[in-house]
Amino acid sequence: MLRIADKTFDSHLFTGTGKFASSQLMVEAIRASGSQLVTLAMKRVDLRQHNDAILAPLIEAGVTLLPNTSGAKTAEEAIFAAQLAREALGTHWLKLEIHPDARWLLPDPIETLKAAEALVKQGFVVLPYCGADPVLCKRLEEVGCAAVMPLGAPIGSNQGLETKAMLEIIIQQATVPVVVDAGIGVPSHATQALEMGADAVLVNTAIAVADNPVMMATAFRLAVEAGLLARQAVPGNRSTYASATSPLTGFLEALA
C-alpha cells in the first residue's frame, strides 16, 4: 500500500497517456498495468468538454488523474496551468513539470522549487518532476511537496537508471515518497528502482511505443510487484568472496 498525501494506492506503478496510437489502446494498456494514478498533459486535452478523446476514457476507467504542467517554461506558466487544471478537473493534485529546453527536457531546478513553494501555499498536492539532485529533493520536501519525482534519465530516452547513485541518496534521506520518473525503458529498470527503495515508478514511453503496449504494461506491472517483493524479502548482503551453498568437507566421509 502506497500513501501520498490524502490518497492510498495498491499499485506502485504510475503511468502516462502520451504517445499511444489510440485512446482505446491507451486505456487497455493502463488497465493491464494495474496503475491507479495516471498523468496527462493539460496542453493535450480539451478542458471545455469531458468527452475529450483522452480525458473521457480516463474518467470512465476510474483512475486518479494527475494533470501535469508539461510545456511550461517558467514558474509563472506552471502556476497558471495548475490553476486551470484545478478549475477544469476539480483536482488539487498536480505533477509539476518545468523544462525550458525542448531538446533535453531537463527540469529547471530554480523555477521548479519556486513554483512548488507557491503551489503548496495555494493548497495543491504537488509532485514535482526534478533532477536526481539530493539537495533539491530535500528542499522540495521542505517546502511541502507530497512526493518527489527525480529522473532516472532524460524523458523518453529509455536509458534506465543512469542516475542510480544519486537516486540512492535521495531515497535514503527522503521522508516523503520517491517516485522515479523518466528514462525507464524496460521492466527490469522498474524492478531495480523498487529494489533499491523507490516507492513507485512512472512509466509512459516504454509502454506506449512498444510493439504490444498492453503486453508491455503487463510486464511492467509484474516487474514492479517483483521489485517490491524482493525489497520486502530483504536480500542477502553482497560479498567480495564466494560462499558455498553446499558443504566442502566431510562429504566423502559421509559416503564411506
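Glycine residues also receive a Cβ, built from the backbone N, Cα and C atoms like all the rest.
Look at Swiss-Prot and you will find Lys95 tagged as active site, schiff-base intermediate with DXP, backed by sequence analysis. Reduced to three states, the DSSP call for Lys95 (active site, schiff-base intermediate with DXP) is strand.
Thr205 (1-deoxy-D-xylulose 5-phosphate binding site) has a Cβ environment of 18 other Cβ atoms inside 10 Å. Mapped onto three states, the DSSP output places Thr205 (1-deoxy-D-xylulose 5-phosphate binding site) in helix. The 1-deoxy-D-xylulose 5-phosphate binding site feature in Swiss-Prot is assigned to Gly156, Ala182, Gly183, Asn204, Thr205.
Secondary structure at Ala182 (1-deoxy-D-xylulose 5-phosphate binding site), as computed by DSSP, is coil.
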